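Enquirer: Pasting a structure below so you can have a look.
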Amino acid sequence: MALLRGFLVCSLLLLSCICKEALGTRLLGGLENASPEEPGVARALQFAMNEYNRGSNDMYSSRVSEVVEAQKQIVSGIKYYFTVKIGRTVCRKGATDLENCAFHNAPKLAQTMTCTFEVYNIPWRNFISLEKSSCT
């Protein structure tokens, strides 16, 4: 019995060392940097921009000109945190392909802002929500 208990303790110790090594210093549930090219990250940012444009009173659509920071956090779904620079495009609202819309360059029409977005996604429930949005 003592031998079995000792084996179990050693096994648990070994397993915890392996898990710590595999996870590194990253905390479970903690924020981690994310690549804007990851499909889930790109979809979340696209959703945030669609919501931003829908809620904006501007007659022109805006789009991301630079991703300053993208992070994600595993919770009871995935939370995405973005800091982006956005600019006003020459395309009016309702345009479907904003990626091909040029930015305004006329001083009176050009407008750039830095925005932060928080998007909450539960993929297995087909749920996505813009939790926070702020632009300056």
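Glycine is no exception: its Cβ is also placed from the backbone N, Cα and C atoms.
Quick paste of what Swiss-Prot says about this protein:
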SIGNAL    1-24  signal peptide
DOMAIN    29-124  domain 'Cystatin'
SITE      Gly29  site 'Reactive site'
MOTIF     73-77  motif 'Secondary area of contact'
DISULFID  Cys91-Cys101  disulfide bond
DISULFID  Cys115-Cys135  disulfide bond
Enquirer: Please report the distance from the Cα of Gly29 (site 'Reactive site') to the Cα of Cys115 (disulfide bond), rounded to the nearest angstrom.
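Expert: Rounded to a whole number, the Cα-Cα distance is 24 Å.
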Enquirer: As a test of the contact definition, list every same-chain residue at least 6 positions from Cys91 (disulfide bond) whose Cβ is closer than 8 Å to its Cβ.
Expert: Tyr60, Ser61, Leu98, Cys101
Enquirer: Find, for the listed disulfide-bonded residues Cys101, Cys115, Cys135, the residue with the lowest Cβ contact count at a 10 Å cut-off, counting only other Cβ atoms.
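Expert: Sparsest of the disulfide-bonded residues Cys101, Cys115, Cys135 by Cβ contacts within 10 Å: Cys135.
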Enquirer: Count the other Cβ atoms sitting within 10 Å of the Cβ of Gly29 (site 'Reactive site'), across every protein chain shown.
Expert: 8
Enquirer: Check Cys101 (disulfide bond) against DSSP and tell me helix, strand or coil, would you?
Expert: coil
